[in-house]
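Engineer: Got a structure here, written out as structure tokens. Questions coming.
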Amino acid sequence: MRLPEQFLYKMKKFLQDEYEAFLASYQEPKTQGIRINTLKISVEEFLKISPFKLDPVPWCKEGFYYQEEDRPGKHPYYHAGLYYIQEPSAMIPAEILSPMAGERILDACAAPGGKTIQIANKMNGMGILVSNEINLNRVKALIRNVELFGVANAVVTNVPAERLLDYFESYFDKILVDAPCSGEGMFRKDESMIKSWEKQGPEYYVPIQAEILDAASKMLRKGGGVVYSTCTFSAEENEEVVETFLQTHKDFQLKSIDNFPDQYIYGESISKNINKYGNLSMRLWPHRIKGEGHFAAYLEKDNGKNFVQADSQYQKGVAVPKEFQEFVEKNLNISYGGPFEMHGEQLYQVPKGLPVLKGLKILRSGLLLGSLRKQRFEPSQAMAMTLKKTDARRVVDFSSNSPEVIKYLKGETLHIDGEKGWTLVCVDGFPLGWAKQTGDLLKNEYPVAWRRLD
Ligand SMILES: C[S@@+](CC[C@H](N)C(=O)[O-])C[C@H]1O[C@@H](n2cnc3c(N)ncnc32)[C@H](O)[C@@H]1O
């Protein structure tokens, strides 16, 4: 791997006696991890059925390293949303943010969604999660992940994070700014990042990072907190962004990050080499830990106002459509409470307490339940992925090593007898998607875009 000269020069100056160890880390294989999706299964239960040998990630109790030869993305449990594949050091920002059930959280730069899913796990379906991404292609991956991992309380928006300020001033309890960055911590994982760094290095990203962080500061309520994180090593994009922010935002202070062992997080020799904020922020270095590297800092707002909005201004829902009611009565063992919204022919269950979002580019307004077509309700894949096996009246449950499960994931029709109607297809008790039973055929309703090709 050919690392840019200018990058190496800066790292040598920065890391001093740790530089050689840092450089040697590029000879090591990249680290790979999964994080258990606790919206679907507890860590303890997953460990009982795990098809992989797993070693714990020290800073995230749901995170585990897997072995190089394993392919977790191919296993049916991945398609059931039981775990997210995530680089282990990328698990740290959401741990520091520490979102809780019932809070209002913004993930300002969210695609492809690893941290959004982690935040949603911690919120356990309660509260409001706004997941925003500027890039239309990347936001598609974000939506897919929100749906695959069974997140029901996320509103997915597709605007520059700064634009959200028009709608959410002083609204959020916590915000994650996992900022676009020069990606120096990605070189080992993805060599194409080296070329991109050569075109757009730290100086390109600093003003963008500052602007997003400034907008985030105004969307936070009094007493709220923003975690600023990057997957790059340059001090310009990390401690210096934080320092400039604190100089211009006197109502914020850096909160020390506790509960994480410092000796392998930043270390004496490095922190004395950066500004006074170095000691309060967190650095994961690839030569000190098993991970590709990350930066995170928690900025707390000790002033400002709380979001107050008259009830009349809250979004108005629609009455529950009778086609949906009929679907629920015929096919499910559960019921749904509102508020509901219709967008075109799509029916959503929206999280309670959103402000009026007229004019905002929203791609998902909470849980997409399905579509009303020709006076019939068709349930969505997103809905299937939020259900439990026991929630559906008709279920076909395959074992993870049965050939049928792969056939289903490839979109094939299956020859199976059963009671006519919508049927939830599961693997070892975990939903994968819908099928329609007609006579001795199970007609596949797994979305075309999700189907396995191999
Ligand atoms: C480091 S990545 C986010 C990774 C994501 N948090 C995760 O865990 O999967 C940064 C993202 O910010 C997006 N981005 C860049 N500028 C933005 C802006 N002004 N507002 C919102 N998102 C932005 C990029 O397209 C990119 O997807």
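From the backbone N, Cα and C atoms, a Cβ is placed for every residue, glycine too.
Quick paste from TrEMBL:
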type	residues	note
DOMAIN	22-302	domain 'SAM-dependent MTase RsmB/NOP-type'
BINDING	C109, A110, A111, P112, G113, G114, K115, E133, D178	S-adenosyl-L-methionine binding site
ACT_SITE	C231	active site, nucleophile
Engineer: What binding-site residues among A111, G113, K115, D178 are found with a C-alpha within 10 angstroms of that of C231 (active site, nucleophile)?
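Structural biologist: Within 10 Å Cα-Cα: D178.
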Engineer: For the S-adenosyl-L-methionine site given as C109, A110, A111, P112, G113, G114, K115, E133, D178, which other residues of the same chain have their Cβ within 8 Å of the site's Cβ centre?
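Structural biologist: Residues close to the S-adenosyl-L-methionine site, other than C109, A110, A111, P112, G113, G114, K115, E133, D178: D107, T116, S131, R138, L142.
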Engineer: Determine, from DSSP, whether A111 (S-adenosyl-L-methionine binding site) sits in helix, strand or coil.
Structural biologist: coil
Engineer: Near K115 (S-adenosyl-L-methionine binding site), which residues of its own chain have a C-beta under 8 A away, given they sit six or more steps off in sequence?
Structural biologist: A90, P93, A94, D107, L176, D178
Engineer: What are the non-local neighbours of G113 (S-adenosyl-L-methionine binding site), defined as same-chain residues 6+ apart in sequence with CB under 8 A from its CB?
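Structural biologist: Expected: S131, A141, L142, N145, V146.
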Engineer: Please give the maximum pairwise Cα distance, in Å and rounded to a whole number, for the S-adenosyl-L-methionine-binding set C109, A110, A111, P112, G113, G114, K115, E133, D178.
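Structural biologist: Taking every pair among C109, A110, A111, P112, G113, G114, K115, E133, D178, the longest Cα gap is 13 Å.
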Engineer: Taking DSSP as the reference, which of helix, strand or coil describes C231 (active site, nucleophile)?
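Structural biologist: Going by the DSSP assignment, C231 (active site, nucleophile) belongs to neither helix nor strand, so it counts as coil.
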